[in-house]
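What TrEMBL records for this protein:
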{"type": "TRANSMEM", "residues": "12-31", "note": "transmembrane segment"}
{"type": "DOMAIN", "residues": "37-391", "note": "domain 'Ammonium transporter AmtB-like'"}
{"type": "TRANSMEM", "residues": "43-64", "note": "transmembrane segment"}
{"type": "TRANSMEM", "residues": "76-96", "note": "transmembrane segment"}
{"type": "TRANSMEM", "residues": "108-127", "note": "transmembrane segment"}
{"type": "TRANSMEM", "residues": "134-156", "note": "transmembrane segment"}
{"type": "TRANSMEM", "residues": "200-216", "note": "transmembrane segment"}
{"type": "TRANSMEM", "residues": "228-249", "note": "transmembrane segment"}
{"type": "TRANSMEM", "residues": "285-307", "note": "transmembrane segment"}
{"type": "TRANSMEM", "residues": "319-340", "note": "transmembrane segment"}
{"type": "TRANSMEM", "residues": "352-380", "note": "transmembrane segment"}
Amino acid sequence: MSSRYRNFRNSVPWLILTLEVVLVVLFYFFFSDDDASRSSISYPAFQDVSHMVIFGFGFFLTFLKRYRFSSTGFNLLIIVLGVQCSALIEDSLVFLLQRESEDGLKRITKAAMSTTAVVISAGAVLGKTNPVQLILMIVVEIIVFHMSRCINTTFLQVPDNMGMMHVHLFGAYFGLAVSSRFSEPSPRTEENASTPKSDLLSMLGTLFLWAFWPSFNSVLAEHDKSKAIYNTYFALAVSAVTAFMLSLLTTKDGKFRMTDIHSAVLAGGVTVGYAAHIIEYPWIAMILGLLASVITILGSYCLQRCLNPALKIHDTSGVHFTFGLPGVLGALAQVVLLVIKKWTELPRLGYLVMIDIGAFCLTISVALITGFITGLILNLKLFKIIPVSKYFEDQFYWEFPHLAVGF
């Protein structure tokens with residue numbers, strides 16, 4: 001390996017150990033769980049969110065044929081470190097802002113949901129980042145996401161469950177901004193391709209995410225949890241049906257394309273998350289699911305051929321059209337539904353609309369700016385471990401006893 005790149009073994013263990021020691025010490029001073037017996041969230045609901053984040057995203061990102069160990073392994077590393085950082089920051093904000101303390105199960109559920117932002121961002125740079133860069137990205141993004149959500153809930157008076165739904169938007173655009181600072185892989189490289197076996201594993205992750213998404217959208221809702229669940233389910237169902245239809249119509253040979261199904265079937269859950277608890281009729285959620293699937297498949301076609309090459313952005317997992325565009329659609333749909341619901345309260349309606357639009361714009365702006373800065377930091381010589389030629393390679397990080405290939 002070139003001397004320009006730091007040794008993997010000499011940097012990662014000590015960074016992880018140092019971070020974990022700091023977390024343990026800070027947990028000693030800040031974290032308490034006096035109200036665990038009176039949790040407002042059931043353990044099965046927490047399990048659903050945990051399964052979605054660990055199993056769902058863990059398999060969802062395994063489509064690269066030579067990066068499956070890293071996709072699942074690093075996803076677990078992101079989650080276990082991210083949840084600790086998120087819970088600590090949440091507790092620190094409670095202490096600093098003199099808020100009422102929440103029960104421990106609710107805090108750890110919110111921490112797992114917040115970590116979704118980092119998992120989504122990691123999908124944009126999948127195969128191009130090393131563990132050192134991922135760990136730094138975890139810490140920075142978790143802090144910035146909590147700051148963004150704190151501004152939305154404190155100053156813009158956005159409900160906490162609504163503020164959490166910005167996690168998809170934040171993760172997608174933060175990841176895209178970070179990815180813009182990484183070198184693009186060679187167009188001739190075959191390492192970032194998929195195989196039928198890797199696509200099947202990735203589809204397994206999609207099924208986990210699809211099955212548990214109603215819990216994700218409803219777990220923090222204080223009222224109308226059942227309404228959030230069935231609206232999310234109907235939106236997911238219609239987006240899945242639409243994905244199959246559009247995939248068949250947009251292929252040259254008239255066959256289903258696995259990449260379309262892989263991403264578009266989840267779009268309804270992302271879009272309807274903002275308004276799942278306030279939608280009165282299922283047909284509205286179904287329309288949102290249909291539009292979400294359309295914008296995902298058409299967006300993937302346009303972005304991959306037009307926008308991404310022009311901006312020099314290589315989005316490995318397609319997080320822009322899987323989470324970013326449906327998130328934008330969901331935020332706009334929330335504003336439209338608010339106007340329809342409150343149209344008789346004209347003096348107050350303008351204020352409410354501006355609050356929602358302001359929260360949406362703030363989330364994207366903070367994600368893009370801080371993501372770009374984070375990308376610049378991660379590409380400093382101090383944090384580089386692998387050259388571009390070693391992108392998308394499991395064997396650089398993981399032991400393969402059955403292979404006699406050395407690095």
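Just so you know, glycine gets a Cβ as well, placed from its N, Cα and C.
It should be emphasised that the depicted structure is a prediction, and the values quoted were computed from it without experimental measurement.
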Stretch in 43-64, 76-96, 134-156, 319-340 most in contact with the transmembrane segment (352-380), if contact is a CB pair under 8 A: 134-156
Confidence summary (mean pLDDT) of the domain 'Ammonium transporter AmtB-like' (37-391): 90
Proximity verdict for the transmembrane segment (200-216) and the transmembrane segment (43-64), three or more C-beta pairs under 8 Å: yes
